[in-house]
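Engineer: Quick one: this structure, given as C-alpha coordinates, is what I'll be asking you about.
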Amino acid sequence: MSGEDNIIVIRDVSKWFGKVQALRKVNLNIRRGSVAVIIGPSGSGKSTLLRCINHMEVEDEGEILIDGQRLPRSEKWINAVRADIGMVFQHFYLYPHLTVLENITLAQRIVRKRSKEEAERIAREQLSRVGIAEKADSFPAQLSGGQQQRVAIARALAMNPKIMLFDEPTSALDPEMIKEVLDVMLDLAKAGITMVVVTHEMGFARAAADEVVFMDDGQIIEQGEPAMVFDHPRHERTRLFLSQILHK
Amino acid sequence: MAYEDASLAQGNVITVNRESLRLRLERFPWWFLVILLVTAVTALIITTKSTYTEAFGFIRAGLSVTIMTTISAYFIALIVGIVTGLGRISRNVVFKNLATFYVEVVRGIPMLVLIFFIALVLVPAVTSSLNALGERLSAVGLGGLGAFFSSVTNKGVPMQLRAVIALSVTYGAFSAEIFRAGIQSIHKGQMEAARSQGMTYGQAMRYIILPQAIRNVLPALGNDFISMLKDSSLVSVLAVRDITQVAKLYAGQTFRYPEAYLTLAVLYLSMTMLLSLGVKALEKRFQSS
(Lines of atoms letter the chains of each structure in order from A; the text may use other names.)
(Lines give C-alpha, C1' and ligand atoms only; values in the text may rest on other atoms or scores of the structure.)
Protein backbone atom coordinates (compact mmCIF):
# COMPACT_ATOMS: atom_id res chain seq x y z
CA MET A 1 0.00 0.00 0.00
CA SER A 2 1.29 3.49 0.69
CA GLY A 3 4.16 2.12 2.73
CA GLU A 4 2.66 3.39 5.94
CA ASP A 5 2.18 0.66 8.51
CA ASN A 6 -1.03 1.65 10.25
CA ILE A 7 -1.96 -0.69 13.08
CA ILE A 8 -5.19 1.22 13.75
CA VAL A 9 -7.35 2.60 10.95
CA ILE A 10 -10.50 4.50 11.89
CA ARG A 11 -12.72 5.30 8.89
CA ASP A 12 -15.75 7.60 8.94
CA VAL A 13 -16.77 6.49 12.42
CA SER A 14 -19.94 7.96 13.91
CA LYS A 15 -21.54 7.13 17.21
CA TRP A 16 -24.75 8.24 18.88
CA PHE A 17 -25.84 7.97 22.49
CA GLY A 18 -29.58 8.32 22.15
CA LYS A 19 -30.05 11.61 20.36
CA VAL A 20 -26.59 12.93 21.20
CA GLN A 21 -23.96 12.40 18.53
CA ALA A 22 -20.67 11.62 20.26
CA LEU A 23 -18.56 11.03 17.15
CA ARG A 24 -19.01 12.66 13.74
CA LYS A 25 -17.34 10.83 10.87
CA VAL A 26 -13.98 10.51 12.56
CA ASN A 27 -10.96 9.42 10.49
CA LEU A 28 -7.68 8.55 12.17
CA ASN A 29 -4.69 6.35 11.38
CA ILE A 30 -2.19 5.28 14.00
CA ARG A 31 1.19 3.91 12.95
CA ARG A 32 2.65 0.78 14.52
CA GLY A 33 4.90 1.64 17.43
CA SER A 34 3.77 5.25 17.64
CA VAL A 35 2.21 7.15 20.53
CA ALA A 36 -0.93 9.14 19.88
CA VAL A 37 -2.25 11.48 22.55
CA ILE A 38 -5.85 12.59 22.24
CA ILE A 39 -6.74 15.87 23.94
CA GLY A 40 -9.85 17.97 24.03
CA PRO A 41 -12.54 19.38 26.31
CA SER A 42 -14.76 16.99 28.26
CA GLY A 43 -17.63 15.66 26.20
CA SER A 44 -15.61 16.06 23.00
CA GLY A 45 -15.79 12.33 22.26
CA LYS A 46 -12.16 11.43 22.97
CA SER A 47 -12.97 8.65 25.46
CA THR A 48 -15.71 7.33 23.18
CA LEU A 49 -13.26 7.17 20.28
CA LEU A 50 -10.75 5.33 22.48
CA ARG A 51 -13.40 2.88 23.65
CA CYS A 52 -14.41 2.17 20.05
CA ILE A 53 -10.91 0.87 19.30
CA ASN A 54 -11.54 -2.30 21.33
CA HIS A 55 -15.32 -2.18 20.90
CA MET A 56 -16.15 -1.37 24.48
CA GLU A 57 -18.41 0.92 22.47
CA VAL A 58 -19.50 -0.16 19.00
CA GLU A 59 -19.58 2.48 16.29
CA ASP A 60 -22.91 3.08 14.58
CA GLU A 61 -21.35 3.99 11.25
CA GLY A 62 -17.97 3.55 9.62
CA GLU A 63 -15.38 0.92 10.39
CA ILE A 64 -12.29 0.29 12.47
CA LEU A 65 -9.41 -1.90 11.33
CA ILE A 66 -6.87 -3.37 13.71
CA ASP A 67 -3.82 -4.78 11.94
CA GLY A 68 -5.78 -4.74 8.70
CA GLN A 69 -8.68 -6.75 10.15
CA ARG A 70 -12.05 -5.14 10.51
CA LEU A 71 -13.29 -5.19 14.13
CA PRO A 72 -16.00 -7.85 14.32
CA ARG A 73 -19.41 -6.80 15.55
CA SER A 74 -20.28 -10.19 17.00
CA GLU A 75 -19.66 -10.85 20.68
CA LYS A 76 -18.08 -14.15 19.79
CA TRP A 77 -15.13 -12.86 17.80
CA ILE A 78 -14.40 -9.65 19.64
CA ASN A 79 -12.74 -11.37 22.62
CA ALA A 80 -9.68 -12.49 20.64
CA VAL A 81 -9.15 -8.91 19.41
CA ARG A 82 -9.59 -7.46 22.90
CA ALA A 83 -6.99 -9.82 24.31
CA ASP A 84 -4.48 -8.14 21.98
CA ILE A 85 -5.42 -4.63 23.10
CA GLY A 86 -4.54 -3.59 26.64
CA MET A 87 -6.73 -1.02 28.34
CA VAL A 88 -5.99 1.16 31.35
CA PHE A 89 -8.89 2.99 33.00
CA GLN A 90 -9.16 6.21 34.93
CA HIS A 91 -10.32 4.37 38.06
CA PHE A 92 -7.96 1.37 37.61
CA TYR A 93 -10.68 -1.27 38.05
CA LEU A 94 -8.38 -3.80 39.65
CA TYR A 95 -10.18 -6.91 40.87
CA PRO A 96 -10.47 -6.21 44.61
CA HIS A 97 -11.03 -9.83 45.65
CA LEU A 98 -7.76 -11.00 44.08
CA THR A 99 -4.14 -10.32 45.02
CA VAL A 100 -1.96 -8.21 42.76
CA LEU A 101 -0.39 -11.35 41.32
CA GLU A 102 -3.79 -12.96 40.71
CA ASN A 103 -5.03 -9.75 39.10
CA ILE A 104 -2.25 -10.08 36.55
CA THR A 105 -2.39 -13.85 36.02
CA LEU A 106 -6.16 -14.41 35.72
CA ALA A 107 -6.73 -13.31 32.12
CA GLN A 108 -3.39 -14.79 31.05
CA ARG A 109 -4.60 -18.15 32.27
CA ILE A 110 -8.22 -18.19 31.11
CA VAL A 111 -7.86 -16.12 27.93
CA ARG A 112 -4.27 -16.83 26.85
CA LYS A 113 -4.40 -20.37 28.34
CA ARG A 114 -0.96 -20.03 29.90
CA SER A 115 0.16 -22.35 32.68
CA LYS A 116 0.14 -21.07 36.25
CA GLU A 117 3.95 -21.00 36.35
CA GLU A 118 4.31 -19.14 33.07
CA ALA A 119 1.59 -16.62 33.96
CA GLU A 120 3.21 -15.93 37.32
CA ARG A 121 6.66 -15.54 35.79
CA ILE A 122 5.31 -13.01 33.28
CA ALA A 123 3.31 -11.24 35.99
CA ARG A 124 6.42 -10.80 38.14
CA GLU A 125 8.39 -9.52 35.13
CA GLN A 126 5.75 -6.90 34.44
CA LEU A 127 5.50 -5.93 38.10
CA SER A 128 9.25 -5.29 38.14
CA ARG A 129 8.89 -3.30 34.96
CA VAL A 130 6.40 -0.95 36.66
CA GLY A 131 8.55 -0.91 39.79
CA ILE A 132 6.42 -2.70 42.40
CA ALA A 133 7.65 -6.29 42.38
CA GLU A 134 7.37 -6.41 46.17
CA LYS A 135 3.59 -5.88 46.10
CA ALA A 136 2.77 -9.16 44.35
CA ASP A 137 0.93 -10.64 47.32
CA SER A 138 -0.88 -7.48 48.43
CA PHE A 139 -4.53 -6.80 47.77
CA PRO A 140 -5.43 -3.74 45.66
CA ALA A 141 -7.00 -1.95 48.65
CA GLN A 142 -3.61 -2.02 50.40
CA LEU A 143 -1.94 0.01 47.62
CA SER A 144 -1.84 3.72 46.91
CA GLY A 145 -3.63 5.06 43.85
CA GLY A 146 -0.39 5.35 41.90
CA GLN A 147 0.59 1.78 42.77
CA GLN A 148 -2.86 0.52 41.79
CA GLN A 149 -2.62 2.20 38.41
CA ARG A 150 0.82 0.68 37.85
CA VAL A 151 -0.61 -2.76 38.66
CA ALA A 152 -3.36 -2.06 36.12
CA ILE A 153 -0.70 -1.25 33.53
CA ALA A 154 1.21 -4.44 34.40
CA ARG A 155 -2.05 -6.42 34.13
CA ALA A 156 -2.59 -5.09 30.61
CA LEU A 157 1.04 -5.60 29.55
CA ALA A 158 1.09 -9.21 30.75
CA MET A 159 -1.25 -10.11 27.88
CA ASN A 160 1.44 -9.03 25.38
CA PRO A 161 -0.86 -6.53 23.69
CA LYS A 162 -0.21 -5.07 20.24
CA ILE A 163 -1.79 -1.81 21.37
CA MET A 164 -2.21 -0.10 24.74
CA LEU A 165 -5.17 2.21 25.35
CA PHE A 166 -5.08 4.68 28.26
CA ASP A 167 -8.29 6.42 29.27
CA GLU A 168 -7.29 9.40 31.45
CA PRO A 169 -4.92 7.22 33.49
CA THR A 170 -3.84 9.95 35.91
CA SER A 171 -7.09 11.89 36.31
CA ALA A 172 -8.15 10.06 39.47
CA LEU A 173 -4.74 10.26 41.14
CA ASP A 174 -3.49 12.56 43.89
CA PRO A 175 -0.98 15.04 42.42
CA GLU A 176 2.05 13.43 44.06
CA MET A 177 1.30 10.09 42.39
CA ILE A 178 0.88 11.30 38.83
CA LYS A 179 4.58 11.30 38.04
CA GLU A 180 5.21 7.65 38.95
CA VAL A 181 2.49 6.57 36.52
CA LEU A 182 3.60 8.93 33.75
CA ASP A 183 7.19 7.69 34.17
CA VAL A 184 6.04 4.13 33.54
CA MET A 185 4.07 5.24 30.49
CA LEU A 186 7.08 7.15 29.18
CA ASP A 187 9.18 3.98 29.48
CA LEU A 188 6.57 2.08 27.48
CA ALA A 189 6.56 4.77 24.82
CA LYS A 190 10.36 4.52 24.52
CA ALA A 191 10.06 0.71 24.28
CA GLY A 192 8.08 1.15 21.09
CA ILE A 193 4.66 -0.03 22.23
CA THR A 194 1.79 1.40 20.22
CA MET A 195 -0.13 3.64 22.59
CA VAL A 196 -3.29 5.68 22.35
CA VAL A 197 -3.63 7.97 25.35
CA VAL A 198 -6.50 10.22 26.37
CA THR A 199 -5.05 12.65 28.90
CA HIS A 200 -4.84 16.20 30.13
CA GLU A 201 -1.13 15.85 30.92
CA MET A 202 0.39 18.16 28.33
CA GLY A 203 3.90 17.56 29.65
CA PHE A 204 3.53 13.87 28.91
CA ALA A 205 2.12 14.63 25.47
CA ARG A 206 5.11 16.81 24.63
CA ALA A 207 7.62 14.25 25.88
CA ALA A 208 6.10 11.04 24.56
CA ALA A 209 3.67 11.71 21.73
CA ASP A 210 4.49 11.22 18.08
CA GLU A 211 1.17 12.77 17.31
CA VAL A 212 -1.28 14.94 19.23
CA VAL A 213 -4.92 14.75 18.20
CA PHE A 214 -7.23 17.58 19.27
CA MET A 215 -10.93 16.73 19.38
CA ASP A 216 -13.95 18.90 19.94
CA ASP A 217 -17.64 18.23 19.49
CA GLY A 218 -17.11 14.67 18.22
CA GLN A 219 -14.67 15.68 15.51
CA ILE A 220 -10.91 15.78 15.06
CA ILE A 221 -10.12 19.47 14.73
CA GLU A 222 -6.42 19.13 14.14
CA GLN A 223 -3.57 16.71 14.55
CA GLY A 224 0.18 16.79 14.23
CA GLU A 225 3.49 16.64 16.07
CA PRO A 226 3.26 17.96 19.63
CA ALA A 227 5.40 21.00 18.92
CA MET A 228 3.17 21.92 15.99
CA VAL A 229 -0.14 21.53 17.80
CA PHE A 230 0.97 23.09 21.07
CA ASP A 231 3.10 25.96 19.79
CA HIS A 232 1.47 26.75 16.48
CA PRO A 233 -2.12 25.60 16.62
CA ARG A 234 -3.85 26.27 13.33
CA HIS A 235 -7.39 26.39 14.64
CA GLU A 236 -8.99 28.91 16.93
CA ARG A 237 -10.70 26.19 18.97
CA THR A 238 -7.38 24.46 19.64
CA ARG A 239 -5.83 27.74 20.67
CA LEU A 240 -8.73 28.47 23.01
CA PHE A 241 -8.60 25.01 24.59
CA LEU A 242 -4.84 25.17 25.10
CA SER A 243 -5.02 28.62 26.65
CA GLN A 244 -7.67 27.38 29.06
CA ILE A 245 -5.78 24.37 30.30
CA LEU A 246 -2.36 25.95 30.35
CA HIS A 247 -3.57 28.94 32.43
CA LYS A 248 -2.00 31.41 30.04
CA MET B 1 -1.83 21.58 94.14
CA ALA B 2 -0.24 18.39 93.09
CA TYR B 3 -2.35 16.48 95.60
CA GLU B 4 -5.50 18.15 94.38
CA ASP B 5 -4.66 17.34 90.79
CA ALA B 6 -4.15 13.74 91.65
CA SER B 7 -7.47 13.45 93.49
CA LEU B 8 -9.21 15.20 90.64
CA ALA B 9 -7.68 12.79 88.21
CA GLN B 10 -8.78 9.90 90.38
CA GLY B 11 -12.31 11.27 90.47
CA ASN B 12 -12.30 11.44 86.73
CA VAL B 13 -11.20 7.85 86.47
CA ILE B 14 -14.09 6.79 88.69
CA THR B 15 -16.65 8.70 86.63
CA VAL B 16 -15.19 7.18 83.48
CA ASN B 17 -15.61 3.75 85.01
CA ARG B 18 -19.18 4.52 86.06
CA GLU B 19 -19.86 5.86 82.59
CA SER B 20 -18.55 2.76 80.90
CA LEU B 21 -20.47 0.52 83.30
CA ARG B 22 -23.68 2.36 82.44
CA LEU B 23 -22.83 2.16 78.76
CA ARG B 24 -22.11 -1.50 79.05
CA LEU B 25 -25.40 -2.10 80.86
CA GLU B 26 -27.18 -0.20 78.11
CA ARG B 27 -25.46 -2.11 75.36
CA PHE B 28 -25.80 -5.49 76.97
CA PRO B 29 -28.12 -7.76 74.90
CA TRP B 30 -30.73 -8.30 77.60
CA TRP B 31 -33.16 -9.74 75.11
CA PHE B 32 -30.71 -12.50 74.41
CA LEU B 33 -30.36 -13.27 78.12
CA VAL B 34 -34.14 -13.61 78.39
CA ILE B 35 -34.25 -15.96 75.44
CA LEU B 36 -31.46 -18.03 76.99
CA LEU B 37 -33.37 -18.13 80.27
CA VAL B 38 -36.62 -19.20 78.63
CA THR B 39 -34.77 -21.89 76.72
CA ALA B 40 -32.97 -23.08 79.84
CA VAL B 41 -36.17 -23.17 81.88
CA THR B 42 -37.98 -25.08 79.15
CA ALA B 43 -35.07 -27.51 78.92
CA LEU B 44 -35.26 -27.97 82.67
CA ILE B 45 -39.00 -28.62 82.52
CA ILE B 46 -38.48 -31.09 79.67
CA THR B 47 -35.97 -33.07 81.70
CA THR B 48 -37.98 -33.01 84.95
CA LYS B 49 -41.68 -33.13 84.04
CA SER B 50 -42.70 -36.45 82.54
CA THR B 51 -45.40 -35.09 80.22
CA TYR B 52 -42.88 -32.65 78.73
CA THR B 53 -40.25 -35.36 78.48
CA GLU B 54 -42.73 -37.47 76.55
CA ALA B 55 -43.74 -34.56 74.29
CA PHE B 56 -40.12 -33.75 73.54
CA GLY B 57 -39.32 -37.36 72.76
CA PHE B 58 -42.23 -37.44 70.34
CA ILE B 59 -41.42 -34.16 68.62
CA ARG B 60 -37.71 -34.91 68.36
CA ALA B 61 -38.56 -37.64 65.88
CA GLY B 62 -39.46 -34.93 63.35
CA LEU B 63 -36.15 -33.11 63.66
CA SER B 64 -34.33 -34.97 60.93
CA VAL B 65 -37.19 -34.32 58.49
CA THR B 66 -37.18 -30.60 59.32
CA ILE B 67 -33.41 -30.33 58.95
CA MET B 68 -33.17 -32.44 55.80
CA THR B 69 -36.06 -30.57 54.17
CA THR B 70 -34.54 -27.21 55.04
CA ILE B 71 -31.01 -28.01 53.88
CA SER B 72 -31.95 -29.72 50.62
CA ALA B 73 -34.55 -27.12 49.68
CA TYR B 74 -32.08 -24.35 50.55
CA PHE B 75 -29.33 -25.64 48.30
CA ILE B 76 -31.69 -26.25 45.39
CA ALA B 77 -33.03 -22.72 45.96
CA LEU B 78 -29.49 -21.33 45.80
CA ILE B 79 -28.87 -22.92 42.41
CA VAL B 80 -32.28 -21.83 41.12
CA GLY B 81 -31.55 -18.38 42.57
CA ILE B 82 -28.19 -17.90 40.84
CA VAL B 83 -29.58 -19.00 37.48
CA THR B 84 -32.70 -16.84 37.86
CA GLY B 85 -30.70 -13.88 39.19
CA LEU B 86 -28.44 -14.04 36.13
CA GLY B 87 -31.59 -14.25 34.01
CA ARG B 88 -33.02 -11.11 35.59
CA ILE B 89 -30.02 -9.06 34.41
CA SER B 90 -29.51 -10.92 31.13
CA ARG B 91 -29.67 -9.12 27.80
CA ASN B 92 -31.32 -12.22 26.33
CA VAL B 93 -35.00 -11.27 26.06
CA VAL B 94 -36.37 -14.80 26.52
CA PHE B 95 -34.15 -15.63 29.49
CA LYS B 96 -34.84 -12.30 31.15
CA ASN B 97 -38.62 -12.56 30.73
CA LEU B 98 -38.75 -16.15 31.94
CA ALA B 99 -36.79 -15.21 35.06
CA THR B 100 -38.88 -12.12 35.76
CA PHE B 101 -42.12 -14.04 35.17
CA TYR B 102 -41.09 -16.69 37.69
CA VAL B 103 -39.98 -14.19 40.34
CA GLU B 104 -43.08 -12.02 40.04
CA VAL B 105 -45.47 -14.98 40.12
CA VAL B 106 -43.86 -16.45 43.23
CA ARG B 107 -43.72 -13.08 44.98
CA GLY B 108 -47.40 -12.52 44.29
CA ILE B 109 -48.71 -15.74 45.82
CA PRO B 110 -48.80 -16.62 49.54
CA MET B 111 -46.30 -19.31 50.39
CA LEU B 112 -48.92 -21.60 51.85
CA VAL B 113 -50.97 -21.44 48.65
CA LEU B 114 -47.84 -22.06 46.56
CA ILE B 115 -47.04 -25.16 48.59
CA PHE B 116 -50.55 -26.55 48.03
CA PHE B 117 -50.43 -25.63 44.37
CA ILE B 118 -47.02 -27.10 43.61
CA ALA B 119 -47.48 -30.28 45.64
CA LEU B 120 -51.07 -31.03 44.68
CA VAL B 121 -51.48 -29.48 41.21
CA LEU B 122 -48.10 -28.98 39.54
CA VAL B 123 -46.47 -32.29 40.50
CA PRO B 124 -49.50 -34.39 39.45
CA ALA B 125 -49.68 -32.41 36.19
CA VAL B 126 -46.02 -33.14 35.46
CA THR B 127 -46.34 -36.84 36.27
CA SER B 128 -49.42 -37.25 34.10
CA SER B 129 -47.82 -35.48 31.17
CA LEU B 130 -44.77 -37.70 31.63
CA ASN B 131 -47.09 -40.70 31.50
CA ALA B 132 -48.67 -39.42 28.29
CA LEU B 133 -45.21 -38.90 26.84
CA GLY B 134 -44.30 -42.44 27.91
CA GLU B 135 -47.25 -43.90 26.03
CA ARG B 136 -46.32 -41.96 22.89
CA LEU B 137 -42.74 -43.15 23.12
CA SER B 138 -43.87 -46.74 23.54
CA ALA B 139 -46.15 -46.33 20.53
CA VAL B 140 -43.26 -45.19 18.32
CA GLY B 141 -41.11 -48.07 19.49
CA LEU B 142 -39.00 -46.52 22.22
CA GLY B 143 -40.30 -49.08 24.73
CA GLY B 144 -37.55 -48.75 27.35
CA LEU B 145 -37.74 -45.01 27.74
CA GLY B 146 -41.53 -45.09 27.38
CA ALA B 147 -41.88 -47.64 30.15
CA PHE B 148 -39.71 -45.49 32.40
CA PHE B 149 -41.84 -42.41 31.85
CA SER B 150 -45.05 -44.40 32.27
CA SER B 151 -43.77 -45.82 35.55
CA VAL B 152 -43.56 -42.35 37.16
CA THR B 153 -46.83 -42.28 39.01
CA ASN B 154 -48.31 -39.44 40.98
CA LYS B 155 -48.22 -41.54 44.12
CA GLY B 156 -44.61 -42.40 43.41
CA VAL B 157 -43.56 -38.85 44.30
CA PRO B 158 -43.45 -38.76 48.11
CA MET B 159 -44.87 -35.76 49.94
CA GLN B 160 -41.52 -34.87 51.44
CA LEU B 161 -40.02 -34.54 47.96
CA ARG B 162 -42.96 -32.36 46.92
CA ALA B 163 -42.42 -30.24 49.99
CA VAL B 164 -38.76 -29.77 49.05
CA ILE B 165 -39.74 -28.87 45.48
CA ALA B 166 -42.32 -26.37 46.72
CA LEU B 167 -39.93 -24.69 49.16
CA SER B 168 -37.12 -24.59 46.56
CA VAL B 169 -39.37 -22.96 43.98
CA THR B 170 -40.50 -20.35 46.50
CA TYR B 171 -37.10 -19.57 47.94
CA GLY B 172 -35.42 -19.76 44.53
CA ALA B 173 -37.29 -16.59 43.64
CA PHE B 174 -36.25 -14.89 46.88
CA SER B 175 -32.59 -15.75 46.54
CA ALA B 176 -32.71 -14.73 42.86
CA GLU B 177 -33.49 -11.21 44.01
CA ILE B 178 -30.64 -11.35 46.51
CA PHE B 179 -28.20 -12.46 43.81
CA ARG B 180 -29.49 -9.88 41.36
CA ALA B 181 -29.01 -7.08 43.89
CA GLY B 182 -25.57 -8.46 44.74
CA ILE B 183 -24.46 -8.54 41.11
CA GLN B 184 -25.82 -5.06 40.46
CA SER B 185 -23.95 -3.73 43.49
CA ILE B 186 -20.63 -4.47 41.76
CA HIS B 187 -19.30 -1.47 39.84
CA LYS B 188 -19.73 -1.85 36.08
CA GLY B 189 -16.04 -1.03 35.66
CA GLN B 190 -15.26 -4.53 36.91
CA MET B 191 -17.13 -6.07 34.00
CA GLU B 192 -15.47 -3.60 31.61
CA ALA B 193 -11.98 -4.37 32.86
CA ALA B 194 -12.59 -8.11 32.52
CA ARG B 195 -14.13 -7.79 29.05
CA SER B 196 -11.31 -5.48 27.91
CA GLN B 197 -8.89 -8.32 28.68
CA GLY B 198 -10.75 -10.61 26.31
CA MET B 199 -12.81 -12.53 28.85
CA THR B 200 -16.25 -13.64 27.73
CA TYR B 201 -19.34 -12.41 29.61
CA GLY B 202 -19.55 -15.80 31.29
CA GLN B 203 -15.89 -15.80 32.36
CA ALA B 204 -16.17 -12.26 33.69
CA MET B 205 -19.26 -13.28 35.69
CA ARG B 206 -17.65 -16.41 37.05
CA TYR B 207 -14.22 -15.07 37.97
CA ILE B 208 -14.81 -11.37 38.64
CA ILE B 209 -18.43 -10.44 39.34
CA LEU B 210 -19.94 -13.43 41.17
CA PRO B 211 -17.12 -13.93 43.71
CA GLN B 212 -17.51 -10.30 44.81
CA ALA B 213 -21.31 -10.35 44.62
CA ILE B 214 -21.69 -13.56 46.62
CA ARG B 215 -19.36 -12.22 49.29
CA ASN B 216 -21.56 -9.14 49.60
CA VAL B 217 -24.77 -11.13 49.92
CA LEU B 218 -23.55 -13.86 52.30
CA PRO B 219 -25.34 -12.34 55.32
CA ALA B 220 -28.56 -12.00 53.33
CA LEU B 221 -28.25 -15.61 52.19
CA GLY B 222 -27.67 -16.66 55.79
CA ASN B 223 -30.85 -14.90 56.86
CA ASP B 224 -32.62 -16.69 54.04
CA PHE B 225 -31.54 -20.00 55.52
CA ILE B 226 -33.05 -19.01 58.88
CA SER B 227 -36.31 -18.04 57.16
CA MET B 228 -36.28 -21.33 55.30
CA LEU B 229 -35.94 -23.23 58.56
CA LYS B 230 -38.99 -21.43 59.95
CA ASP B 231 -41.03 -21.71 56.76
CA SER B 232 -40.29 -25.42 56.54
CA SER B 233 -43.00 -25.72 59.22
CA LEU B 234 -45.51 -24.97 56.45
CA VAL B 235 -44.88 -28.37 54.89
CA SER B 236 -46.85 -29.87 57.78
CA VAL B 237 -49.93 -29.03 55.70
CA LEU B 238 -48.79 -31.79 53.33
CA ALA B 239 -48.69 -34.21 56.30
CA VAL B 240 -44.90 -34.34 56.04
CA ARG B 241 -43.75 -35.42 59.50
CA ASP B 242 -41.53 -32.50 60.39
CA ILE B 243 -41.43 -31.21 63.98
CA THR B 244 -44.51 -29.04 63.48
CA GLN B 245 -46.52 -31.96 62.11
CA VAL B 246 -45.52 -34.38 64.87
CA ALA B 247 -46.19 -31.73 67.52
CA LYS B 248 -49.62 -31.23 66.00
CA LEU B 249 -50.20 -34.99 66.04
CA TYR B 250 -49.04 -35.23 69.64
CA ALA B 251 -51.31 -32.38 70.73
CA GLY B 252 -54.23 -33.95 68.88
CA GLN B 253 -53.76 -37.31 70.56
CA THR B 254 -53.08 -36.13 74.11
CA PHE B 255 -54.72 -32.70 74.28
CA ARG B 256 -51.53 -31.50 75.97
CA TYR B 257 -51.24 -28.26 74.02
CA PRO B 258 -48.67 -26.41 76.18
CA GLU B 259 -46.40 -29.47 76.18
CA ALA B 260 -46.59 -29.76 72.40
CA TYR B 261 -46.37 -26.15 71.32
CA LEU B 262 -44.06 -24.68 73.96
CA THR B 263 -41.56 -27.43 73.24
CA LEU B 264 -42.00 -26.85 69.49
CA ALA B 265 -41.59 -23.07 69.75
CA VAL B 266 -38.49 -23.31 71.92
CA LEU B 267 -37.02 -25.90 69.59
CA TYR B 268 -37.37 -23.53 66.59
CA LEU B 269 -36.16 -20.58 68.64
CA SER B 270 -32.99 -22.27 69.81
CA MET B 271 -32.16 -23.37 66.27
CA THR B 272 -32.76 -19.92 64.75
CA MET B 273 -30.86 -18.14 67.53
CA LEU B 274 -27.87 -20.38 67.01
CA LEU B 275 -28.00 -19.74 63.27
CA SER B 276 -28.37 -15.98 63.61
CA LEU B 277 -25.29 -15.91 65.83
CA GLY B 278 -23.51 -17.65 62.97
CA VAL B 279 -24.79 -15.08 60.47
CA LYS B 280 -23.65 -12.21 62.73
CA ALA B 281 -20.17 -13.73 62.95
CA LEU B 282 -20.17 -14.04 59.16
CA GLU B 283 -21.17 -10.38 58.79
CA LYS B 284 -18.39 -9.26 61.11
CA ARG B 285 -15.79 -11.30 59.31
CA PHE B 286 -16.63 -9.82 55.94
CA GLN B 287 -17.06 -6.28 57.20
CA SER B 288 -13.52 -6.17 58.51
CA SER B 289 -11.94 -7.32 55.26
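Using N, Cα and C of the backbone, Cβ positions are placed for all residues, glycine too.
Where the annotation comes from TrEMBL, it is an automatic prediction and has not been curated.
OK, TrEMBL features for this one:
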| type | residues | note |
| --- | --- | --- |
| DOMAIN | B:63-279 | domain 'ABC transmembrane type-1' |
| TRANSMEM | B:28-46 | transmembrane segment |
| TRANSMEM | B:58-85 | transmembrane segment |
| TRANSMEM | B:105-125 | transmembrane segment |
| TRANSMEM | B:137-157 | transmembrane segment |
| TRANSMEM | B:163-183 | transmembrane segment |
| TRANSMEM | B:260-279 | transmembrane segment |
Engineer: Please work out which recorded stretch in B:28-46, B:58-85, B:137-157, B:163-183 has the most C-beta pairs separated by under 8 angstroms from the transmembrane segment (B:260-279)?
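Structural biologist: Comparing B:28-46, B:58-85, B:137-157, B:163-183: B:28-46 has the most Cβ pairs near the transmembrane segment (B:260-279).
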Engineer: Using a cut-off of under 8 Å between C-beta atoms, tell me which stretch among B:58-85, B:137-157, B:163-183 contacts the transmembrane segment (B:105-125) the most.
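Structural biologist: Going through each listed stretch, the top one turns out to be B:163-183.
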Engineer: In the same chain, who gets a Cβ under 8 Å from the transmembrane segment (B:163-183) while lying at least 6 residues past its ends?
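Structural biologist: For the transmembrane segment (B:163-183), the nonlocal Cβ contacts are 69-70, 72-74, 76-89, 99, 102-103, 106-107, 111, 114-115, 118-119, 123, 205, 209-210, 213-214, 216-217, 220-221, 224, 227-228, 231-232, 234-235, 238, 240.
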Engineer: Take the transmembrane segment (B:28-46) and find every residue of the same chain, 6 or more past its ends, with a Cβ under 8 Å from one of its Cβ atoms.
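Structural biologist: Beyond its ends, the transmembrane segment (B:28-46) has Cβ neighbours at 52-53, 55-56, 262-263, 266, 269-270, 273.
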